[in-house]
Amino acid sequence: MRIQLNTIDLQCIIALSCLGQFVHAEANREDLKQIDFQFPVLERAATKTPFPDWLSAFTGLKEWPGLDPPYIPLDFIDFSQIPDYKEYDQNHCDSVPRDSCSFDCHHCTEHDDVYTCSKLSQTFDDGPSASTTKLLDRLKHNSTFFNLGVNIVQHPDIYQRMQKEGHLIGSHTWSHVYLPNVSNEKIIAQIEWSIWAMNATGNHTPKWFRPPYGGIDNRVRAITRQFGLQAVLWDHDTFDWSLLLNDSVITEQEILQNVINWNKSGTGLILEHDSTEKTVDLAIKINKLIGDDQSTVSHCVGGIDYIKEFLS
């Protein structure tokens, strides 16, 4: 596939300058700290999406970065608009001020955060992975996937299949970093490289963003908003990742019973993962319980799918 871009589109992708135009957990926190999402931990991504010439010219690099992507300054990011909250990790929520509106620590949401839906709907994090294809084979409706940039460039065929079948794809950062614990520059790097992975693989720029571990506060929001991104959280957590642990905090049957209970109300966004075969098998069982009357995040709130889609 050869991308056909006009001058304005090319400038928009390279500098992300077009983005300025668009501009509840249920388990014990100690259990949550054991998360193992099992996305590929590599020194350098096993690249399958070619590193585009326009990105090489802009960044000075020749290949996709490893798990710690370099910060590339962007002229539209206004650091004066970013509040000066202290960085914190997942083990120190007691020191996080309430006015920072931390979702992970205080279950706080802002006016533009999406955290529920009028139809009970599944959402999937951490892909694309080899297991994602099994889930796609099952889905008879459009769903929302929040993809890691490092996985997008390794599985462009799966990413493009999701796109072709009408699923909504949002950013989940480049390499699954807990954003409140890193500098402003590192947050920007995680976002910009995830967007560039989507640009290069799917010819589009995301509107929707889900922070890894639900780690978002008003410092993180002040940065992601400048990219035109809107945060998507959740009000139903399956804790499916815990099934990968030797000492799981919840059983599969308990998860399925929770879904049955949630389905009685018929509303909400469910957090799941398509990163492993085990979580995908569970997702298929959940899908059978809920059925096909589900919505993408954009349809839940009557929003757009993407900020920009480039012709190919």
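Placement of Cβ uses the backbone N, Cα and C atoms for every residue, glycine included.
In summary, of the candidate residues N142, N203, the record from Swiss-Prot lists N-linked glycosylation site for N142, whereas the others have no such entry there.
Of the listed candidates (D126, D217, D235), Swiss-Prot assigns D126 to the same Co(2+) site as H172, H176. A coil conformation is recorded for N142 (N-linked glycosylation site) in the three-state DSSP classification, outside any helix or strand. Using CA atoms as reference points, the recorded positions D125, N142, N199, N263 were checked against N181 (N-linked glycosylation site), and the closest is D125. The Cβ of N142 (N-linked glycosylation site) has E165, G166, H167, L168, Q294, T296 as same-chain neighbours under 8 Å, each 6 or more residues away in sequence. Look at N263 (N-linked glycosylation site): DSSP puts it in a helix.
For D125 (active site, proton acceptor), the nearest of the recorded positions N199, N246, N263, H273 in terms of C-alpha separation is H273. Distance between Cα atoms for H273 (active site, proton donor) and N263 (N-linked glycosylation site): 19 Å, as a whole number. Put simply, N246 (N-linked glycosylation site) is 29 Å from N263 (N-linked glycosylation site) when counted between their Cα atoms.
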